[in-house]
Amino acid sequence: MINVMYKNSCPNCGGDISGDRLLNGLPCEACLPYINGIDDVDHISKVKTLYNILLNNDKIKNYWNLYYNITTFETVFKYFRDKTGYEPWSLQKLWLRRLASNQSFTMSAPTGLGKTTTLMTYSVFIGQDVVYIVPTKSLMEQVCKRLEKLGAQVSCGKIDQKKVSVITISYLNKNADSIVSLKPNFVVIDDADAVIKSGKTTDRLVSLLGIPKDVYESAIQLIRLRNKYYFSNEYTEEVKEKIRELELKIAEFKDKISQLVIASATIRPKGIKQKALRLLTGFEPSSIQLYARNIIDAYTENLDLSIVKELGSGGLILVSKEYGRSKLNEIKKYVEDLGFNAKLAISGRKFLDDFSQGKVDILVGSASYYGVAVRGIDEPKRLKYVIYYGVPKIRAKLFDALSNPFTLLRVGKLIGIDFSKLQNKILILNPSEVQLLKFSIIKGESINYHKLEQLRQELLYYMSLVKDKLKEKVEDTLISDSFVITKQNGNYYIVYPDMITYLQGSGRASRLYNGGLTLGFSIILVDDRHIFEILEKKMQKLFPNTTFTSLSNTNLSEIKIKLEDSRKEEGNRVHFNISTGLLIVESPTKAKTIAKMFSRPSVRIRNKVPVYETIIVDGNQIYVLDIVASKGHIVDLTLEDIGYYGIKVEDDGTIKPYYDLIKKCLDCNKIFSSASDKCPYCGSANLQSAQTTINLLRELALSVDKVFIASDPDTEGEKIAYDLASFLSPYNSNVYRVVYHEITKKAILEALRNPKKINTNLVMSQIVRRIEDRWIGFTLSNLLKTKFNGHNHGAGRVQTPVLGWIVNKTIKYKSAMGHVVYIDIAGYSIKKYFSEKRKVEEYINNLQVARIEKISEEKILLSPLPPFTTDTLLIEANMKYKLPANLVMKIAQDLFEAGLITYHRTDSTHISSVGIEIAKEYLQKQALIKEFVPRSWESSEEGAHEAIRPTRAIDVNELIQEIEENPYKYSIRFSKLHLLIYDLIFKRFIASQMSHAVGTKSRYLIKLGKDDNVDVELLSNAEGGFIKVYPVKVYNLPVGEIQPKVNITKGSSEQLLSYSDVISLMKSKGIGRPSTYAKTIENLMKHGYIVSSKRKSYLIATNRGISVYQFLSSKFYDLVSESTTSRLMTKLDDIALSKLNASTVLLEIFSEISTLVNPLKSEQNV
């Protein structure tokens, strides 16, 4: 039996505890030796029961905190029920838990989900020293009345620390002196826009929160230093130290300020003071997140507003910005002439009050993202439809817009300028670099950082080329896939559709009401067909089911009835089930990718870890998820002196691996797993511990309904999931494993719909592999250190035979050194080896011409290769681009985490029905559908591992276009290599779904001299089928005499091994796995056993490597041989498939090591 033990991890005493106990939500045996009868009780009852038992046995320690939090939440929920008369919804429970935990955050939910009720009830619960800030006096009076109804002692219009104070932004600004360092318990901001827009108001809020002036100024200074020096040649150690000092000062004060909650915001902070406030509070005000749409989208090809007459009262007309204020007045008058009461929705709230009360029929406003008509109206019963007068657009002067490198690139390409030299430099820019370049170009200032200054000069040159080229154009309109360039009165403008304004504005007609989403109607009066088509395309990418229906094809009478019906008390609305969750992934990039995929997430920083809150809509199911990265493994086998290298093997055969939290030294960057508070390598106390992540995850798990663990879909990912589930189960009993093989909306939704239990067979396989690696590695490494008197010696079961291959080839290569003549025959190379230089000279002198005869020729069918597996991708990338395996894996990891390819650690060539559809879609786009031949390649269950393939039907050129149009869409920084590898994966996959090609195989006789004939068969032609996407190398040798090109170099009759050779051997001999190919070679290099040749990337053994291998193979051949390693790999696979018992395999390994190693330890000649 294997009994996993976690060091210092009991949720009560902090002692050692088994994984089984943690998964059952129990403390360790020392705290609670025996208990039964609580397995089937709910989580809250279990916590209470355990608390009482621990308390009665005088064992209560840290478990008190868990009990306190649970009971506090219960108290707050009961108070809410008593005050409101109903049970809080799942989302309200999430907010109440955060509030009760004294967290500062933004409520990013739309109106109708109980934000105001939650905040008011909690304010009354606290009872005093609460400040509730609202934008207007009328809203202040409404809030005061509601608070009084809930039973609060209210101070309306001024601050009284013994009451709940409700004030306006105006009061905050006018009473600066009286609010300095009041530091109330709880501060609510109903509408954060006034704070975000005004630096002065931010100053006042900072004072109110109790933030000392010097701490606030330090935050401002820190932001300025980061902005100034991040890309500067003056980013010295002195500047870095100053930044560290400021960060430390701010971190020490963060938990000492008032709790701040922002109920809503429509814009994000941009000013330096607002960014300082974000730094101090740990979160930024985020805009209301879109949960779902229930809207009929329509359009008409004219600007006729007479439709208002048919639709009647309850409309909002949004006028495209370029028409100006005069058009708003003109439309208002037109509507009034139709017999309706109309009012401009430009500023203030009076228009909304009148509209709500039925005094106004139609509102007229500007289609502006920041306008009150687009963001400030929430009238679910009254507002039924929105009419856009003109397609909503963003219009800017073209030459100003060209200061953005990505805009310059897109415009340049559109007008035919060759940007090939500049493209890759622009594509790899991060957001900060783009901003710095933009502002330096606009201001005409140089950049104190050579690389960016050089790029700025190049951008200025290309800007002048674009301007000159535009002057040559006779057309007044230039159209691209994502924007339009127009010429008006001699000036050029760039125009984009404003999709966000369309979404927000049309969303005014579809609001949450009585737990359901009302039906809305949106009509665009199209004034620019090109811009409308771009908008339609963008909308369909975001909401695939979106369809814009021509107004002439709609039944307005029927729509009007449906609009009215959805606003009745028991009307037909779209109802949702909202649940809250914590989604844990491995990497920060993946967390960001998933969060951005579904909505514009809000971010808060907890314990220096970003927590993304996002909304995932799946039909009528809505998930409000916190997404956090564990950063891979959180524990590893302990380095403490326990058992045999951290694993106890007991007399009854029980195996107890002890795991300790992973720590990273921030000075030497080494990683270790022990209880030590100092780095064992350099002695530094500047450490980063996984305990910080665990504490955060436990805190978040307490606040949500469910925990979803979404680590990678392999044995390592399963072990990570097991560890996380162990640490979190005492805090939330609803812990699930979710698995996906690609990061796409469809895959994430499918994973959430089908949560699973953790696969303990995969976990056991990983545990056996890790223990075996520890035992073999530590045992042999210590013997090597003794033998060779040095550090950085290591050995492993897989590494050693691989080292042996490279050592043997290196020795043979060196022993057969001589001279090599390369003869180039029209692109086909012939290699000749000579041991002596004089023979080379003789050969060259006799080689005057080469005579080529074509002996035969035949037509053959060429089959496409299967899509890539891990090994074939590494081999192809090395052969084609000479890239090392670890770099290819790093790039593939980036592409996977960006959602561009499926999981890259796979040995399957299987292609799912989803993958086949992607190939079909692409071939249809490229007019190659006749070549489509669907292949699954190998049978497998749907949802199982697939080959490496793209997740969408976009080739590398379309990907580049996407990056140009939206540089911040992906959460990775692209390089030229990312594009090369993506292109390789994409083309190989598409080719695998295409028809055979027809080739010509030709046999040639090449006569190089007397008795020196070379007979070769070469592919001389290939066409049709998959060749159209994935060309193959062909040789078309000319018949007759030619003058060959000759190159002479030192060389050997033996060939060294390349990366691709080693990976092929690992695969064929059964000792490699997708997760170990690159890592094995990388580890051999780290130990200094092998090096890679610069020009051809051959792997060469060093003298150190040769000595180590000779020692290991002579003393431990049976332990590290190919056959033994291959058998172990098979056993690990069998454990994962539940065919073998894990503890049996480990006991065999332990016996094997003891038998071979113990006698050697006593030898004097080690």
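Residue numbers in this text run from 1 along the chain shown.
From the backbone N, Cα and C atoms, a Cβ is placed for every residue, glycine too.
Among the features that Swiss-Prot reports, zinc finger is placed at 1-40, 662-689. Among the features that Swiss-Prot reports, Mg(2+) binding site is placed at Glu586, Asp712. Per Swiss-Prot, Zn(2+) 2 binding site is recorded for Cys665, Cys668, Cys679, Cys682, and the stated evidence type is sequence analysis. The domain 'Topo IA-type catalytic' annotation in Swiss-Prot covers 759-1157.
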Inset, instruction - Taking the recorded Zn(2+) 2 site as Cys665, Cys668, Cys679, Cys682, identify the other residues of that chain whose CB atom sits within 8 Å of the mean position of the site's CB atoms, giving them in sequence order. - result: Leu666, Asp667, Asn669, Lys670, Pro680, Tyr681, Gly683, Ser684, Asn686
Inset, instruction - Between the Cα atoms of Cys682 (Zn(2+) 2 binding site) and Glu586 (Mg(2+) binding site), find the distance and write it as a whole number of Å. - result: 28
Inset, instruction - In whole Å, note down how far the CA of Asp712 (Mg(2+) binding site) lies from the CA of Cys665 (Zn(2+) 2 binding site). - result: 25
Legend entry - Three-state secondary structure, Cys665 (Zn(2+) 2 binding site) (per DSSP): strand
Legend entry - Cβ-Cβ distance under 8 Å to Cys668 (Zn(2+) 2 binding site), same chain, at least six residues away: Cys679, Tyr681, Cys682, Ser684
Inset, instruction - State the non-local partners of the zinc finger (662-689) in its own chain: residues 6+ outside its ends, Cβ under 8 Å from one of its Cβ atoms. - result: 7-8, 633-640
Legend entry - Cβ packing number for Cys679 (Zn(2+) 2 binding site), 10 Å threshold: 21
Legend entry - Segment-level pLDDT (mean, integer) for the zinc finger (662-689): 92
Inset, instruction - Restricting to the same chain and to sequence separations of six or more, state which residues have a Cβ under 8 Å from that of Asp712 (Mg(2+) binding site). - result: Glu586, Ile720, Tyr903, Arg905
Inset, instruction - Would you find the one among the binding-site residues Cys665, Cys682 whose Cβ has the most company, meaning other Cβ atoms within 10 Å? - result: Cys665
Legend entry - For the zinc finger (1-40), residues assigned helix / strand / coil by DSSP: 5 helix, 5 strand, 30 coil
Inset, instruction - Please state whether DSSP places Asp712 (Mg(2+) binding site) in a helix, a strand or coil. - result: coil
Legend entry - Reduced DSSP assignment, Cys682 (Zn(2+) 2 binding site): coil
Legend entry - Cβ neighbours of Glu586 (Mg(2+) binding site) where a neighbour is any other Cβ within 10 Å: 21
